[in-house]
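Feature annotation from TrEMBL assigns domain 'CBS' to A:153-215, A:216-272. If you look up TrEMBL, you'll see A:298-315, A:321-344, A:374-394, A:400-426, A:438-460 marked as transmembrane segment.
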2 protein chains.
Amino acid sequence: MQIDLAAAPADPGVYDERKRRLVETFTKLYLRGSWRPLERLIRRLHAADAAAVLVELPVPQVVDTLQAVSDLRHAAQIVNKMPLAIRHQIVEALPHKDLAELLENFRPDDLTDLIQALPDEQRDHPLSALDAESRSELDTLLAHDPGSAGGIMTTEFFSLPEACTVQEAIEALRGYADAEMVFYLFLTGEEGRLTGVISLRQLLLAPSDAQVADVMSGRVIRVRTDTEEEQVSRLFDKYRLLALPVVDDNDVLVGIITVDDIIDVIGESTTEDMLRMAGTRQSEMLTDSVFRIAGVRLPWLFAAFLGGLGATAVIGQYEEVLAQVIILSAFVPIIIGMAGNVGVQSATVTVRGLATGAINPRDTLVMVFKELRVGLLLGAFYGVILAAYGFWVYDSLQLGQVVGLTILTNMTGAALLAVSLPMLFVRLKADPAVATGPFVTTAIDVLGVLNYFAIASLIYGL
Amino acid sequence: MQIDLAAAPADPGVYDERKRRLVETFTKLYLRGSWRPLERLIRRLHAADAAAVLVELPVPQVVDTLQAVSDLRHAAQIVNKMPLAIRHQIVEALPHKDLAELLENFRPDDLTDLIQALPDEQRDHPLSALDAESRSELDTLLAHDPGSAGGIMTTEFFSLPEACTVQEAIEALRGYADAEMVFYLFLTGEEGRLTGVISLRQLLLAPSDAQVADVMSGRVIRVRTDTEEEQVSRLFDKYRLLALPVVDDNDVLVGIITVDDIIDVIGESTTEDMLRMAGTRQSEMLTDSVFRIAGVRLPWLFAAFLGGLGATAVIGQYEEVLAQVIILSAFVPIIIGMAGNVGVQSATVTVRGLATGAINPRDTLVMVFKELRVGLLLGAFYGVILAAYGFWVYDSLQLGQVVGLTILTNMTGAALLAVSLPMLFVRLKADPAVATGPFVTTAIDVLGVLNYFAIASLIYGL
């Protein structure tokens, strides 16, 4: 039977079929109690593939199966490739001793992620399974802001004092168990201060009796533990890095961040931006309960609700105008909708530009002036069409004037507001994506309706 | 003077100050015509930093400065770190001979990106600068879909026949100029078919007289040229890869994709998703003209405009109802707004889930049923509040019933529509992000208003 998932992952059809067969085989071996063949099978699978198969099985079966895996490093990697919710269930279900052995084989940064995501009341079980050393390492990592370099770095890394030869460095690397993710060798001087870096390629090509200090590069791109993760991911992108050393205030090497962690950061931070702009907080999972999901979305909708009530109150004030020109109410949706849509466009472009570095907060005035002109252009275009429609369909010059002028001014105002708020938030060191959630659209709704009826009162002379 | 930008990039204040001084120095040396010192200075800068300094200068000065850089590989890397718009200006301004030399030092995938982004009428100048070999290589790459593995891979990579010793492999690597981005050695058998992979670390630690075939891994994760780039980036994430070989239909190795390219892909594809959901097409740049930006956004707004006119027409049909219960029009904004916001939440969660693989198209029914319940919960919550508000403020039981029922049904319907459309689009192999742009919100607006007045007619018996 062909079980090599990893060699054919690019064709989803083939992959899914093989995975389905593996799910069957896992279950068959499990029901028979054939632990040895099951363990051999798992050992031959890439951790990511083993995880993909296991998450299809019931949690008690997963826990029993994991306990049969003797390579604990592999077991830890498998668990780390599972969705957070399942990881938590496994941690809860594992007996104390097995959990202790498993957690010892977690990378420190993965362990931090796991504990960080657990509600306080569920932390005792895994924490008590840690030995004193892992526990103190974990405490150090947990002390950093999760959104900083210190919060995403791992403290398990390979470094050497700079006073060694190439041959000694290679020997040291040979004795290092978890060298899979070693791309560069970081070199340290007095008191562990970071002094240089050498790539594996340079090490491979250097004469074996050379001093490492003579072939290393002394210009090491580094970050401090408190550097923000967005800044970290920008550096990875800018300098095409595979790993980045993290130093403390005294320039002592305390951890490293590898490119695979950054791929997660980039994906997560953009996804978070999108979710915040949409007015929700975090990725929902299939396993989340309906009440939990509703609980996350409900508060954000409150901003929209209050805004809506505001608009209702505004229109209520103009009841007399409405009573005389009843058709004005028919145009409320299009007037709100057009301004809202242009606002979302401006806001998204601005928030993304700020996040990717394409827009500099310095350029606020340029951006605002540009959006002013874009808003005027778009507003003039759709304003003329709607004015013509109002005049033509309802045979009223006044109606045409009112709706046309409103579209022009509302679209321009919406574009201005939607570019200004994120820029302002960035300057206030707040998250621009939040500014563009329900808040901008709600502000646009209320101000838009107010403007509409103000213009209507003026033109109809009411 | 300290000029090492690369060693202190994490502190934006220090970085900006040093950059400012470098901008001054560049200009001083340029005005003096001191090409040698200028060239030495640039040689000591990381390409990304040299680019950051040069983009602050006028284009003619950049072109002259680049012509003074004798290390053409470095010059090409510098140009590649500049924004696309400036890259194009430089290409246009460089004399034929210098352009030819520069382009020869581009990585094939960077060259493809450059040409692909040029309007047709501007391609002649760079294309005529290429020699026959580069030209045919470029044509091969341009033939691939830009969103596929073939479109992002580079054809400049390091591979060896599997029949060699470790020592021979190291010697070959020593002779390979552009080894900077070599992480793995890919090995080929008959007719160039991909047969194995060995990491630099394995090469470093293996006995030098061993046969590469004995130490390599034969299980190579690979993609075909037509594999979609989203699938490629998922594989990088899943298997924590640094490089991924690309093969043709006959399993012949034709290119590789490196992790730094994937960082771009992840950022770009999420950004594109966001922009499409917001109803605009592409990242705007500070250099884009206002007319160009308005031109990109205008067509997307048309969907919202037509939808708005639809809602206007619907309300127009209910003019009689409105004339009798004028206050109904005051609730139009909140009724549209609440449904629209819950729709954006559902749609964003769904689109992101599909993009990150957290949601499987297979789970459509589960997702739809879940959103149905979330929508009902949220709709019931806000429906009861709005009903109470309507009853209390306007002292009308009927009004309370109408607005409460409308919020309940509209929010549920919006959540259902917003989850169903992206899932449907995925099954139809279309882009789910597009489905959730102005289209979903517009559909929600029109159907929502229709539902509102239908309920009102019924309850008021009009």
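Just so you know, glycine gets a Cβ as well, placed from its N, Cα and C.
Please treat TrEMBL annotations as automatic predictions, because they have not gone through curation.
Among the stretches A:298-315, A:374-394, A:400-426, A:438-460, the one making the largest number of Cβ pairs under 8 Å with the transmembrane segment (A:321-344) is A:438-460.
Contacts between the transmembrane segment (A:438-460) and the transmembrane segment (A:374-394): absent, as fewer than 3 C-beta pairs lie under 8 angstroms at sequence separation of six or more.
Helix, strand and coil counts under DSSP for the domain 'CBS' (A:153-215) come to 25 helix, 18 strand, 20 coil. Per-residue confidence over the domain 'CBS' (A:216-272) averages 86 (mean pLDDT, predicted model).
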